[in-house]
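Structure, as structure tokens:
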């Protein structure tokens, strides 16, 4: 009886691993190529993250985020100099033509550690 039980555990484990492999290899269905470009610097607030600014240079070419995307009104240079895991007060804004247009709201934000 113990032999039959161990076979079932091994079989279920193998099936679970196969399912995970195929589930994680699936390509995104939105048509966007996530392998191109340079990642934007993001700052967190404990529940989600937003980009620092709305544009940057990627291999000498400008990249901009879509209009009406929420952002932190902080340049990437300033965000990179922030001490990791220390809370800061950041102005919120909305991307408009590559610029984070500040509104009258602030929230706590922080730069994550490099290991994240």
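Note that Cβ sites are derived from N, Cα and C of the backbone, with glycine treated the same way.
The shown structure was predicted, so the numbers you read here are calculated from the model rather than taken from an experiment.
What Swiss-Prot records for 38-58 (among others) is disulfide bond, and it gives similarity to another entry as the kind of evidence. For the recorded site, residue 38 (disulfide bond), the DSSP three-state label reads coil. For residue 38 (disulfide bond), the same-chain residues 6+ apart in sequence whose C-beta sits under 8 angstroms from its C-beta are 56, 58, 59, 63.
Per Swiss-Prot, the feature disulfide bond maps to 54-95 (among others). According to DSSP, residue 54 (disulfide bond) sits in a coil region rather than a helix or strand. With a 10 A radius on its CB, residue 54 (disulfide bond) counts 24 other CB atoms from all the protein chains.
The disulfide bond annotation in Swiss-Prot covers 71-100 (among others). Annotation for residue 100 (disulfide bond): same-chain Cβ neighbours under 8 Å, separated by at least 6 residues, are 51, 53, 54, 71, 72, 73, 74, 93, 94.
For the recorded site, residue 109 (disulfide bond), the DSSP three-state label reads strand. Residues or ranges marked as disulfide bond in Swiss-Prot: 90-109 (among others).
What Swiss-Prot records for 45 (among others) is N-linked glycosylation site. Within 10 Å of the C-beta atom of residue 45 (N-linked glycosylation site) sit 15 other C-beta atoms, taking all shown protein chains into account. In the three-state DSSP scheme, residue 45 (N-linked glycosylation site) falls into the coil class.
A 10 Å cutoff on Cβ-Cβ distances gives residue 73 (N-linked glycosylation site) a total of 20 other Cβ atoms nearby, all chains included. What Swiss-Prot lists as N-linked glycosylation site is 73 (among others).
The N-linked glycosylation site annotation in Swiss-Prot covers 104 (among others). Taking a C-beta cut-off of under 8 Å and a sequence gap of six or more, residue 104 (N-linked glycosylation site) has no contacts in its own chain. DSSP assigns residue 104 (N-linked glycosylation site) to a strand segment in the three-state reduction.
Summarising the annotation, Swiss-Prot assigns signal peptide to 1-25.
For the pair residue 109 (disulfide bond) and residue 95 (disulfide bond), the C-alpha distance works out to 18 angstrom. Secondary structure at residue 73 (N-linked glycosylation site), as computed by DSSP, is coil.
Taking the Cα atom of each, residue 95 (disulfide bond) and residue 45 (N-linked glycosylation site) are about 18 angstrom apart.
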